[in-house]
Amino acid sequence: MQIMLCAISNIASGNCSEDCKYCTQSAHVKTDIQKYRRKELSQIVLEAKMAKKNEALGFCLVTAGLGLDDEKLEYVCEAAKAVQKEVPNLLLIACNGMASVEQLKELKKAGIFSYNHNLESSKEFFPQICTTHTWESRFQTNLNAKEAGLMLCCGGIYGMGESEEDRLSFRKSLQELQPFSTPINFFIANENLKLQVPRLSADEALKIVRDTKEALPQSVVMVAGGREVVLRERQYEIFQAGAGAIVIGDYLTTKGEEPSQDIIKLKEMGFTFASECH
């Protein structure tokens, strides 16, 4: 079986105006995460080279904040061009919040292949985890990305206190969008966050992967944040459950598995790594 590996770079961290209860980058909570307006282009390129060395096909440029403005758009485009020049065989993904069709077309011109904007949860549950913007605005940005001609990466976070009905509604919304890839994140509570709920069990997490693949058979199911903590020694069972991709290395504000450990284990299990997108 061939799987896709992706890595992410948090190129603008923290001080986000939004009040998402699950996020340590929100300015509404006090956390000890690193905060910076922009990462040096040389550092982004270095991380991209490391991602490629670690068999990654996708590399995501992530910025904190509600969405793109002119300054941030220019910066993301600069970063994309810098990575493309030095590491030409990576598929670039951008994750920069709300964006218009015109802004997204500019990202595509700069070399961005796919846009990631998660719905996070169901339309019904979303007001319980965020009040500073609407679920509908997130859905519209995904429509904008498709109109701009970008591949779509859209998923969310599970284990925030949502019901089974919420998960079903969420999957139905994803079916409307039919994303190329759909990330699954498992919520891990942080003492500084307003959201404090019991952690998902490994069985629940694997069921979520199975249900997502069943709902979206044509999408690449990517297991991302929380994989190592929630699934522990069972984390590689995700592929039997329908996953076709994982995020390797560190996440936005938390540590991930050492990429070399993932690669060794996956090779032992007989997996190969995608070098192009079909």
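From the backbone N, Cα and C atoms, a Cβ is placed for every residue, glycine too.
Annotated domain 'Radical SAM core' per Swiss-Prot: 1-227, in sequence order, evidence recorded as sequence analysis.
Positions annotated as [4Fe-4S] cluster binding site by Swiss-Prot, on the basis of sequence analysis: CYS16, CYS20, CYS23.
According to Swiss-Prot, the [2Fe-2S] cluster binding site annotation covers CYS60, ASN96, CYS154. Secondary structure from DSSP puts CYS154 ([2Fe-2S] cluster binding site) in coil.
The local packing around CYS16 ([4Fe-4S] cluster binding site), expressed as other Cβ atoms within 10 Å of its Cβ over all shown chains, amounts to 22. If you measure from the Cα atom of CYS20 ([4Fe-4S] cluster binding site) to that of CYS60 ([2Fe-2S] cluster binding site), you get 21 Å. When the C-alpha distances from CYS23 ([4Fe-4S] cluster binding site) to the binding-site residues CYS60, ASN96, CYS154 are tabulated, the minimum falls on ASN96.
In sequence order, LEU61, VAL62, THR63, GLY65, GLY67, LEU68, LYS72, LEU73, VAL76, LEU107 constitute the residues six or more apart from ASN96 ([2Fe-2S] cluster binding site) in its chain with CB-CB distances below 8 Å. Each of VAL62, ILE93, ALA94, CYS95, SER114, TYR115, ASN116, HIS117, ASN118, CYS153 belongs to the same chain as CYS60, ASN96, CYS154, is absent from that list, and has a C-beta within 8 angstroms of the C-beta centroid marking the [2Fe-2S] cluster site.
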